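Undergrad: Structure in structure tokens, see below.
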Amino acid sequence: MVSSLARYAFNIYGDTRPRERPRRLEYPCERELTCLSQLQRPGQPPVVILGGKNCLRMLALNADNTAVVADSSIVDSARTPQKLFSVNTLKCTSDLVACGLANGTVQVYQVTSGGKNRLAYKLQDHKRVVNSLDFVDDSVLVSGSQDGTVKVWDLRTFSPRPVMQLAASHHSDPVRSCQASAHCRVRGKTTVLSVHDSGALCKFDLRATAGVGAGVGAGAGAGALLPERKWTFHSGPALSLHIHPDAEYVLTGGRDRKICVWHYGEAGSHSVAPLSIVNTYGPVMKVRWCTVAAQDPVEPTLDLPDAPDPSCLYNYDFACSYLNDDATISVYNLRRRYIPKAVVASPMRKPVQNFVWVASRTDRRLFSISKANVLVAHDLDVNDVDITRPLDNMPAVATAWRPGYANVSIVSQHKNDFELGDPVADSRDTSFDDTRDDLSHSRSTPPKERPPIVRQSTQFTVASLKSQSPVLHQRGMDSSVRDSSARAMDLSGRGLDLPPPVRPSLPRNPSQSTQGSQSSGAAHSKSLPHAPSPYVAALSVPIPLADDTVFDILAAEYHISVPDGFSLLDVCQMNARVAASVSRYRDCEIWRMLGVSLEQEFEEHQFDDPRFDGQFEDQHTDPQNASGSQHSEKDIDTKSVSSYLGNFVGSFNSNSTSTTNYGGPHRSDSATSMNKALFGSKEREGKEGKDIKHGKREKEIEQGLESPKELNPLSTRRKDSDSKANNADSSALDKPGDKSLDRSALDRSAPTSFRNKSLLQTSDGETPKDNNLSDEIHAYEPRNNLSTKVSLSTMSSQKSKAIDIKAPRRYSNNAMSASMSPEIFASSESPLKHIAKLSPSRSQTGHSWSIPSSSHDLDDENMPASVSGSLASSGYMGGPDSRSGITGTSFHSNPRSHPSFSSHRSSLTSGRSSFVTNRSGFYSSQVQPAPQLLEKVEEFSISSAEPKTSELTKAMRKKKFSYEELESSEANEKPWSLINLLEKAVIYARDQGDLVMCCTLILLFHDLFKKIFSNRILSDNACLECLALYVDTLRGKCLFTTAVNVVKEAPSSLNYKLAVYASKDVDMRYYCCWCEKLLVNETSKAKFGPNSENFGYWYCDSCSRRQSNCIYCGEPCRGLTVVVSLNCGHRGHFGCLQEWFLDEQSTGCPGGCEYVMD
């Protein structure tokens, strides 16, 4: 039942009628169409003529040009033999239709309203295709052909031969378009214009009869009339021309994507350049003036009989179609010649073949034909889906900035405003009548009175702002802007009336006044008055964060890669130093913060493991070790260097006590090298570096131990007095044959159970010969080296080269760097180099680029657990019963560090200078046991049957530090983690527009984190966009070397795309050194030819002056690739300057100026 009633359903709210689409003419043709024209008959409906391949039809339209009333063929098929013909161009007048064929024939048909058409004239004299036709009047026809001639036909004579032949030159230059001027006949002169494949615009005067009829047909230029005037501006073929409806102006369009406006009258006969140029987005095929004037025409301002008024150029629109399969027609007006007024698209998006304006004085319509063989009428006054208006869709506000001190002009202008450039006529009496001609910003008096613009002064100016950056220097504004602003303020201050503007005054806020409105008023009070422009408000805005000088310094000095022998931490410190040198303190702290976070991330992932702290229990609670420390004074004198130094180095080593033989199993080599570096001289460091090599340690292991005393450095005795304690320590280290130091390196590289010397010593004082000892040591040794290699490969650069250790280096005055030698860092096998890559405060801080007092982790939140275990076990917790009375220095090298590591630890009471303050601490007879951190693990014992696998060994086998693991690490949840800090730094730099900082971070950290960087911080496309913009900016600032380095150091995943983007063709353009105009020299090119020796760019056609000659030989610098410019401004040939600077080894400029080559 429901389904049967559904057919009776209807919309109770009524039907919504669809929006009616405007009616327009669309006529499809079964033949291929190439051209069209209009038959103008007064008092009758318009008639459109279509021509093409085997097609010549006449269409009669209705009054509003929306429908075809009648359709007929002009060619009578009954009388005309059936043969192929192709119509290439059409022109109509009165009742005559002239068509140019592809075989060079011109046929003229006479049409009637009754449909009786006949062939009236058949003109055959062209050798090639006819490209253009035009009627001078009803009896004179002009035709232009591909054979390079323009022929004039007199239809009254019925002669098949032309009465006159015109040619651009004596050689064949194909004619693309020609037209007779209707404005010159008033003075009894007939003018014909033509454009050619050479890009030339030729003007012919038909009154000159020299050579007319002589040698006709003998050649293109034989007996032909040459042009009266010839202009050449197009760089390629000129394809179309059209004369203005009211004045002696002509449009020319060419393949060079330019539309030129020329004045071909007597007043403009001496001009060498077009009046106006419109740049289009495609090669121009056809160009046409509109026959209907604009709705708001510009009134004439000049009344001269021989010069047309330029205002008529703005009263008419013009349209153009494009070559190369473009499906649009662009409509322009010289009021806004940079943006099309309308863009008409073909309905089927097929390329436009030809178009004409409708011959009407009321409607602005276009007839167009496309390669779809469809005739379409477009009404520009109605809204059509195929017509777009870019001016209506454009935003009303547009801004453009230049980095640094930007001189900004705020323009307030309506879309229909235009500039005529007319002289000023001010008739009002002022006290400045004698300087009225000097008013450069004045405008002509408008038809009606309008209030003048009075610029108000402000209390807050940009000049009152002081730059926050000391490197920014005050740059003056442009003199014209400054002078106009100051003089305008001076006039308004005196109460003088300014010349009235062309439009009503613009509302201005006080903040829109210029920079010089107050500060420059007094200085220019006696200057000539100038009226400000009613359209432009000029001001200067300083941008400290985008200063050119700072940009150049940062771009050139920032390290975008890790140099050989340095680490990423060192690069962060060096970049921080560069940022601080230009007062970019925020960037400086960002670099420091990233370096500290990078170090902490490494330490947490490498050492923050509870199993490492458990290795110290068996050493502190062993009774044999406790009793061994109470032997004699000589035993106590040989305590570890770390205990002797206090907490200065021991805190960094994290395992330093008097009973653990200074150093843990995971950083033993580094710890030994650190102590040697602190007390050894430069000569001794080279020997010690050899002693700690892996090869020598392995050799000593194979030879065995000579005595138990050599195994345990605590058994080494010294007989020096207390007053020579420091010297005794240094002398003990200076002995090259001291085996205790060699064995200490061995002990630290062995497992923890072997460093428990009480378990390895027997009652007779000898070391038990256990085969498992050497096996265990050899099994451990490669794993330790592997761990060091993994860390080094992760933190340092991929390539490593030897550094000259003899090179002089500067060091800072802190206690730590004063004791370090650069040779230790330069040693390729030194473990200290590994430590130098882990911490900026422990590595090469002594270099000249290091930043003193660089702090990190000031509140000790992220102190590794191994450090806390070392402090607890070494007796530095404080208290009267501490077994070591020496007070250590602070954990950090920063003198502002906190006195305590955390709330539950005792503070260290002395500074870094108190290495030995109380010798009685060495003789304490009782050692307090270390606090129980983890359950004791018995790794090896003599009583056990088989040795157990060390937990440290298991950890080192599995522990491999990699930054890619940070993506899933819990440390990323911390706001101060490296990933979070890097993300914030990159995003902030990107949002602030700081290209240097953003791109430097990308170049340094992208390959380090790879997937983390792309997934979390910036995608690869965003990174590529930033780097490409950075490269373009560097090239724009002439920093080409830096731009090349950025491309070379780009991340591996972006290097290829960035290199392809950066490798673009470079267009070199030279400007005149005198008039500063572009060296085009088209006049000389047309006169001498492009391959002539007289043509070049060592002179300027605009100012007729020669450019600077070679400073060495005095000859002109001909060519574009042989000129080498110096910084002093002189130039010369490449060979001449090579001979002067390279062969003769001269350093000064050949011109004798004070310039000296670096």
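Keep in mind that glycine also has a Cβ here, set from the backbone N, Cα and C atoms.
For reference, Swiss-Prot lists these features for the protein:
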- 125-163: repeat 'WD 2' (REPEAT)
- 170-214: repeat 'WD 3' (REPEAT)
- 233-272: repeat 'WD 4' (REPEAT)
- 425-452: compositional bias 'Basic and acidic residues' (COMPBIAS)
- 455-471: compositional bias 'Polar residues' (COMPBIAS)
- 505-526: compositional bias 'Low complexity' (COMPBIAS)
- 610-621: compositional bias 'Basic and acidic residues' (COMPBIAS)
- 681-702: compositional bias 'Basic and acidic residues' (COMPBIAS)
- 735-746: compositional bias 'Basic and acidic residues' (COMPBIAS)
- 750-765: compositional bias 'Polar residues' (COMPBIAS)
- 784-800: compositional bias 'Polar residues' (COMPBIAS)
- 840-855: compositional bias 'Polar residues' (COMPBIAS)
- 890-909: compositional bias 'Low complexity' (COMPBIAS)
- 1110-1153: zinc finger (ZN_FING)
Undergrad: Could you give me the DSSP helix, strand and coil counts for the repeat 'WD 2' (125-163)?
TA: 0 helix, 20 strand, 19 coil
Undergrad: Using DSSP, tally how many residues of the zinc finger (1110-1153) sit in helix, strand and coil.
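TA: The composition, in the requested order, is 10 helix, 7 strand, 27 coil.
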Undergrad: Express the predicted model's confidence over the repeat 'WD 4' (233-272) as a mean pLDDT, rounded to an integer.
TA: 89
Undergrad: Per DSSP, how many helix, strand and coil residues does the repeat 'WD 4' (233-272) have?
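TA: Output for the repeat 'WD 4' (233-272) reads 0 helix, 18 strand, 22 coil.
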Undergrad: Under the DSSP assignment, what numbers of helix, strand and coil residues are found in the repeat 'WD 3' (170-214)?
TA: 3 helix, 18 strand, 24 coil
